[in-house]
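Student: Under the heading Na(+) binding site, Swiss-Prot lists S191, D193. What Swiss-Prot records for C155-C169, C219-C220 is disulfide bond. The N-linked glycosylation site annotation in Swiss-Prot covers N57, N170. Annotation comment: Swiss-Prot describes 1-22 as signal peptide, evidence class sequence analysis. The topological domain 'Extracellular' annotation in Swiss-Prot covers 23-238. Annotation source Swiss-Prot lists topological domain 'Cytoplasmic' at 324-457. Summarising the annotation, Swiss-Prot assigns transmembrane segment to 239-259, 269-289, 303-323, 458-478 and lists sequence analysis as the type of evidence.
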Amino acid sequence: MNWSHSCISFCWIYFAASRLRAAETADGKYAQKLFNDLFEDYSNALRPVEDTDKVLNVTLQITLSQIKDMDERNQILTAYLWIRQIWHDAYLTWDRDQYDGLDSIRIPSDLVWRPDIVLYNKADDESSEPVNTNVVLRYDGLITWDAPAITKSSCVVDVTYFPFDNQQCNLTFGSWTYNGNQVDIFNALDSGDLSDFIEDVEWEVHGMPAVKNVISYGCCSEPYPDVTFTLLLKRRSSFYIVNLLIPCVLISFLAPLSFYLPAASGEKVSLGVTILLAMTVFQLMVAEIMPASENVPLIGKYYIATMALITASTALTIMVMNIHFCGAEARPVPHWARVVILKYMSRVLFVYDVGESCLSPHHSRERDHLTKVYSKLPESNLKAARNKDLSRKKDMNKRLKNDLGCQGKNPQEAESYCAQYKVLTRNIEYIAKCLKDHKATNSKGSEWKKVAKVIDRFFMWIFFIMVFVMTILIIARAD
């Protein structure tokens with residue numbers, strides 16, 4: 001029983017395969033006959049219309065498969081496209097009943113007439129025409145030609161907002177030799193097909209609208225139609241933010257810190273020059289990938305502004321260092337500088353001398369209080385205090401002479417002791433004078449150093465605010 005079922009199944013399979021081979025043989029036979037009949041007297045050199053005054057319509061459809069490269073410096077877009085062209089050939093029609101119902105065949109595209117549709121704004125020396133793939137020929141003469149092509153087109157790149165820029169690249173297709181009265185071109189859809197697009201790592205595609213244009217050129221009076229596909233691109237800016245923008249922001253915030261370095265360290269100017277060199281390197285990196293146009297990119301403007309701030313900070317640092325190292329030969333601090341810088345600005349910026357309390361300058365307040373009290377005393381009381389102090393000094397001088405034996409001794413001993421007293425007095429006066437001069441010199445230098453320190457702190461905060469505001473403005477401009 002099982003053996004009989006197996007024989008029946010084998011017979012059915014053999015019969016079906018035989019019928020399939022017979023059908024394929026019949027199709028191949030009729031296709032060959034159709035091919036011979038169609039191309040017996042056919043010429044692909046002439047426009048396939050029965051009436052030469054009739055316009056041949058060509059429908060164009062573009063499918064964007066991949067963006068291979070966007071060369072901003074040379075302003076060239078390299079794209080991988082699938083190009084579909086559909087037109088009607090009046091000489092390639094047949095009756096399906098005469099060829100066993102055969103309604104379409106596939107033949108090499110170079111055997112039939114093809115519209116000379118080219119990319120008007122191509123930017124390479126090599127041919128960017130579609131590949132010679134087969135065409136699908138239908139019984140009513142409708143020809144469909146699908147072919148891939150790698151195109152290089154010129155694209156005007158606007159780098160004003162780089163790396164947050166949007167670009168619009170046009171792909172303009174049209175007939176090179178036929179005017180609009182001979183071959184008219186239409187777009188199959190309102191936009192290019194993006195269903196098979198492979199996502200690009202650098203660019204986002206936001207659309208590809210298509211528009212038909214009819215243009216009359218100066219060379220010819222006839223109209224020339226074309227179809228322009230506008231590729232809307234938005235740059236993925238993460239790479240440039242991480243590698244170009246964030247390092248620049250961090251480096252720019254280092255520039256104000258040069259004012260915080262002690263002047264005696266000798267590294268203030270070196271830090272500014274080092275930061276300036278780093279910014280120059282980043283500026284050169286941006287210049288290498290940008291086209292040589294008059295539009296300065298947004299990040300380039302940020303670099304230039306930052307470099308200007310760093311240059312200004314370095315120049316001001318040199319000025320402050322000159323103030324810091326004012327020595328004994330320098331003039332005293334002017335009165336206005338004492339009031340504005342040492343009295344008010346130092347308190348606002350929390351700049352104090354070494355050993356002086358930053359929170360509660362107690363001794364300074366006591367000294368100011370005593371000065372105010374003495375200034376309020378009457379003139380008579382001040383005169384009495386001075387006379388009392390003078391009499392006290394004379395009394396102490398008399399006691400010192402008695403202790404040294406200048407009085408109450410014989411004349412020879414008194415003269416000897418008085419000479420020693422005079423020498424001792426002169427030495428003490430000399431030492432006191434030296435100490436006073438040294439203190440005055442140190443006080444003058446300390447005042448200039450404090451002036452320099454206050455100016456340093458003032459410029460540090462000013463430059464911090466400027467860098468912060470500039471960064472916010474750049475980000476807001478990008479948005």
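Please read every residue number as a count from 1 along the shown chain.
The backbone N, Cα and C atoms fix where each Cβ goes, glycine too.
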Student: Show which residues of the chain containing S191 (Na(+) binding site), separated from it by at least 6 in sequence, have their CB under 8 Å from its CB.
Tutor: G207, M208, P209, A210, F229
Student: What is the average pLDDT across the topological domain 'Cytoplasmic' (324-457)?
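Tutor: The answer is 62, the mean pLDDT of the model over that range.
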Student: Just checking, which of N57, N170 (glycosylation sites) has the fewest C-beta atoms within 10 Å of its C-beta?
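Tutor: Among the glycosylation sites N57, N170, the sparsest Cβ neighbourhood within 10 Å belongs to N57.
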Student: Of N57, C155, D193, C219, C220, which recorded positions are close to N170 (N-linked glycosylation site), meaning a Cα within 10 Å of its Cα?
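Tutor: Correct set: C155.
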Student: For N57 (N-linked glycosylation site), name the DSSP secondary structure in the helix/strand/coil scheme.
Tutor: strand
Student: By CA distance, which of the recorded positions (N57, D193, C219, C220) lies nearest to C155 (disulfide bond)?
Tutor: D193
Student: Taking the Cβ of C219 (disulfide bond) as reference, which residues of that chain separated by at least 6 in sequence fall under 8 Å from it?
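Tutor: Same-chain residues close to C219 (disulfide bond) (Cβ under 8 Å, separated by 6 or more): none.
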Student: Same chain only, sequence gap of 6 or more: which residues have a CB within under 8 Å of the CB of C169 (disulfide bond)?
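Tutor: For C169 (disulfide bond), the qualifying residues are L77, S153, C155, T230, L231, L233.
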Student: Given a separation of at least six residues and a C-beta threshold under 8 Å, show me what packs close to C220 (disulfide bond) in the same chain.
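Tutor: Within the chain, C220 (disulfide bond) has Cβ neighbours under 8 Å at N179.
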